[in-house]
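What Swiss-Prot records for this protein:
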BINDING   20, 21, 22, 23, 63, 67, 169, 170, 175, 178  ATP binding site
BINDING   62, 81, 142, 143, 144, 145, 146, 147, 148, 149  UMP binding site
């Protein structure tokens, strides 16, 4: 692992990337649902990345609406997860609307058939949308309970042959511990899949990390809450952590 010595610089370019956006990213200063200002800022960042020539696929979470695995009262796990999948579709449609208002053509593809509101996810169809210059927003995880949207992000990134998976978080990379709770936390510019898993650093779940590792797809962790951070990370600038072998 490489300890950070400042902002990363470089001319790294990706032709096709996947961005994982957690449901919490939509909340902003609110406790629940959507903060319109946050959705607008995120959409502007996505548009800038798209207009720089990068094909963009997005997997959204649903934690701003329903926290499936952590909400057990009155629900069994399978029902929890299906409700959570529906929450991701709500987020995907909201993001699609914001992007289209900015003139960005995009499609929502759901792993659960919902033909009245969006297309059903088919890999070839999703790839074709990317090739036509559309942003693809994947919803409903992988369509099965017991799998997180992090795992869905890894799977979709691999299926669609993305050059990298970008994980938007609330901090500017991977730290040795939570920097919001531990002032001595060390930030890494680079860390291996093995070190990440063995250190039990909770960036993504183990299944997602293992999928990326087995298919040699790097994961880039950055601060999605900072304006322009996604554009910078895609182009090899700014603060981020690269997870790879």
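For all residues, glycine too, the Cβ spot is worked out from N, Cα and C.
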If you measure from the Cα of residue 63 (ATP binding site), which of the binding-site residues 142, 146, 148 is the nearest?
148
I'm trying to understand the geometry here, so how far is the Cα atom of residue 144 (UMP binding site) from the Cα atom of residue 175 (ATP binding site), in Å to the nearest whole number?
31
In sequence order, the binding-site residues (62, 142, 146, 148) whose C-alpha falls within 10 A of residue 22 (ATP binding site):
62
Looking at Cβ-Cβ distances, which residues of the chain lie under 8 angstroms from residue 175 (ATP binding site) while being 6 or more apart from it?
185, 186, 187, 188, 201
What's the most sparsely packed of the binding-site residues 22, 144, 148, 169, counting other C-beta atoms within 10 A?
144
Rounded to a whole number, what is the top Cα to Cα distance in Å among the residues the record ties to ATP, namely 20, 21, 22, 23, 63, 67, 169, 170, 175, 178?
24
Going by a 10 angstroms cut-off between Cβ atoms, which of the binding-site residues 62, 63 has the sparsest surroundings?
63
Hey, of the binding-site residues listed (20, 142), which one tops the CB count within 10 A?
20
